[in-house]
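Participant: After the structure tokens below, expect a handful of questions from me.
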Amino acid sequence: MDTLLKTPNNLEFLNPHHGFAVKASTFRSEKHHNFGSRKFCETLGRSVCVKGSSSALLELVPETKKENLDFELPMYDPSKGVVVDLAVVGGGPAGLAVAQQVSEAGLSVCSIDPNPKLIWPNNYGVWVDEFEAMDLLDCLDATWSGAAVYIDDNTAKDLHRPYGRVNRKQLKSKMMQKCIMNGVKFHQAKVIKVIHEESKSMLICNDGITIQATVVLDATGFSRSLVQYDKPYNPGYQVAYGILAEVEEHPFDVNKMVFMDWRDSHLKNNTDLKERNSRIPTFLYAMPFSSNRIFLEETSLVARPGLRIDDIQERMVARLNHLGIKVKSIEEDEHCLIPMGGPLPVLPQRVVGIGGTAGMVHPSTGYMVARTLAAAPVVANAIIQYLGSERSHSGNELSTAVWKDLWPIERRRQREFFCFGMDILLKLDLPATRRFFDAFFDLEPRYWHGFLSSRLFLPELIVFGLSLFSHASNTSRFEIMTKGTVPLVNMINNLLQDKE
């Protein structure tokens, strides 16, 4: 689960500034703990535990602190009037990765972002093997030997796959320093309009500056301000509330992270909340850094419309009370909103996209960071190849070639299957969701690894689906058949209509 919009203390369905933020996934400890029932109360002083309200917890949330990188950036000089080879709009991980790789080939690049030095504010979680494949292990500041999934009070799954938290400052510093070494120029502004000509585009910024570029890359997340869509946009939404906190203690194994905890025993004394959770369930995602420092996040996997953030906060407080977790202080909190699924943008179109604006979030899980970082070389190489060819290309020809490499038919078919999975998850209540993931994590690791990391393509996904069906209980099979028939028909129709 990986892309989010973050606001200080409210979740708002708004367009982000340039760049994207990402939401981490959710895991848990290897042993089942019986926490019993305890009574808690709000206390004066640093330790707070609340019943029935998130207000006391939110009182611990500090004012938003914006941390910036401490080095000078080479700024774009508009007086020269040069046409850069590539203008990257958005300074998130994907945008900087493409800027870095295109500039390494000797092409001129301008990165445009309202806050180019700002360290990304969100907690990114990734499977360690994903970052290892990209030589980014030095950008993880914490790792766990594995993860765990709690299906219910009696069933837990050990996931023998290392997991890590991204060191946001290190990753951005590493990318920015390479960009600077390669000659990338930076412009601190927001692009409000793009005007296209035959061989170049003009980016109009909110500071009155116009930047000319041969290729424009939209890496602004979910703003969809530059990349165009021509179909109704009706995604599912993953919504979460998380805190990085100092606690008196917590019950989790510090060597494991909690990927999903679907237990609801913390709601047994709250009939209304228990019924709401049964209809649209939430789970706990936790990254324990030590015995008293932990990241905790309550997450709605996918819903349409998305759950209200105050509903999720209320569920989180009830869970923490039940687990006996007393929060002493909160270093940071985050409100996560991840649009999942929905249509792809118009393919092709003049502006090239990557990340959320290009429909790259995993429709079934919300993951995106590793996927977009892995796609950055694909986009960069396509740009380098066509800008470096001897034959001159029009702007439309260039962008068509890049979009084709970013979304080949194999990737489009893969995404269609993932959307099918999302459509089923949207219809599952808590008992059905538990049965689904009980079967999912019983699969051979190569199947659930590949599904979560977008490494399976349509032929393998069909085998994955059949294997999941065979591992499911009879009740779950019936649910998949009844709730999945219409999504399956829609998927098949879309696959048949999508041609090379």
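From the backbone N, Cα and C atoms, a Cβ is placed for every residue, glycine too.
So Swiss-Prot says this about it:
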- 1-81: transit peptide (TRANSIT)
- 86-114: NAD(+) binding site (BINDING)
Participant: Could you check what DSSP calls C110 (NAD(+) binding site) once collapsed to helix, strand or coil?
Facilitator: strand
Participant: Compile a sequence-ordered list of residues in the same chain as G106 (NAD(+) binding site), six or more apart from it, whose Cβ lies below 8 A from its Cβ; state 'none' when nothing qualifies.
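Facilitator: Within the chain, G106 (NAD(+) binding site) has no Cβ neighbours under 8 Å at 6 or more residues' separation.
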Participant: Among all the protein chains here, how many other CB atoms are within 10 A of the CB of A94 (NAD(+) binding site)?
Facilitator: 33
Participant: If you count the C-beta atoms lying within 10 Å of each candidate's C-beta, which of the binding-site residues G90, P114 ends up with the smallest number?
Facilitator: P114
Participant: Reduced to three states, what secondary structure does DSSP give V98 (NAD(+) binding site)?
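Facilitator: Going by the DSSP assignment, V98 (NAD(+) binding site) falls within a helical segment, counted as helix.
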Participant: Output, ordered by sequence, the same-chain residues six or more apart from C110 (NAD(+) binding site) with a CB under 8 Å from its CB, or 'none'.
Facilitator: Y76, V84, L86, A87, V88, V184, K185, F186, H187, I211, A213
Participant: Tell me which residues of the chain lie with their Cβ under 8 angstroms from that of V102 (NAD(+) binding site), as long as they are six or more apart in sequence?
Facilitator: D85, L86, V109, A380, I383, I384
Participant: I'd like to know which of the binding-site residues L86, V98 has the most other Cβ atoms within 10 Å of its Cβ.
Facilitator: V98
